[in-house]
């Protein structure tokens, strides 16, 4: 059991999961300690998977496939770890919490770096949004000015004003009103006279 918990702790450290497994409590087999650890493990799995169970996961098949591959690796690792445990002796108990603290510091540093990167991205996006809003407002004011000119009594009867209003008031963006506006302009005679001819 102790070896399995150590393997689990090594995996946690490699994945930068800042959970220190209290092997001494769990090995004693008290239901409350084991329940607390399993509840934490369930919460962590739910947070990673979004609470969704993988329906394609077959634990029996997964273990039978992995068992053959891992048996050779584990036998080599266990002999090495037994030698390391004999050499380290009492120091092995002192290393546990320290590894957790280092892991927490690394994870915290990683998260701070991610927060800084995301903050920079957010600032860049805010600048882009502000720029887009200014541009939108600029073009909206231009269109509003054109609309006001086209609604004046002295110009609203002109074919060009009618064509512009046709474009401005088009409800469906998929069907372009431009052909109809062109038709209004081309049907009206004397639309494009030079200033000298007027």
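Cβ atoms here come from the backbone N, Cα and C positions, even for glycine.
Noted in TrEMBL for the protein shown:
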COMPBIAS  82-93  compositional bias 'Polar residues'
DOMAIN    1-46  domain 'Calponin-homology (CH)'
DOMAIN    107-177  domain 'EB1 C-terminal'
REGION    74-93  region 'Disordered'
Give the mean pLDDT for the domain 'EB1 C-terminal' (107-177) on the 0 to 100 scale.
87
Which residue counts does DSSP give the domain 'EB1 C-terminal' (107-177) for helix, strand and coil?
55 helix, 0 strand, 16 coil
